Amino acid sequence: MNHLILIVAMCLMVIGVQCLKDGYLYDDVDCKFSCWDNEYCRKLCKSKKAVGGYCWRWRFSCYCTGLPDNEKTEGTYKCGQGRFLMGKDK
């Protein structure tokens with residue numbers, strides 16, 4: 001009986017754990033969010049429920065820390081591809 005209580009308690013602890021990840025934010029057309037300053041990225045990351053964020057100037061992209069698992073942090077390297085056709089939206 002004690003083992004059952006211990007197993008249930010451990011399962012509840014595992015279920016309650018929310019995993020967080022770090023990474024670059026991508027928009028709906030697989031482009032990273034460009035930046036020049038940390039404040040913009042901090043606000044953008046916080047709006048996505050991240051713990052924090054900053055502008056990584058080497059890539060001019062917003063990098064977020066502590067993002068929820070459901071946020072997109074990987075792209076397909078096809079930023080904006082197929083979004084415009086001869087200057088007009090599809």
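A Cβ is built for glycine as well, from the same backbone N, Cα and C atoms used for every other residue.
Looking up Cys62 in Swiss-Prot gives a disulphide bond whose other cysteine, out of Cys41, Cys45, Cys64, Cys79, is Cys41. Cys45 is paired in Swiss-Prot with Cys64, the candidate among Cys11, Cys19, Cys64 named as its disulfide partner. Here Cys79 is paired by Swiss-Prot through a disulfide bond, and of Cys31, Cys35, Cys55 its partner is Cys31. For Cys64 (disulfide bond), the number of other Cβ atoms no farther than 10 Å from its own Cβ, over all displayed protein chains, is 26.
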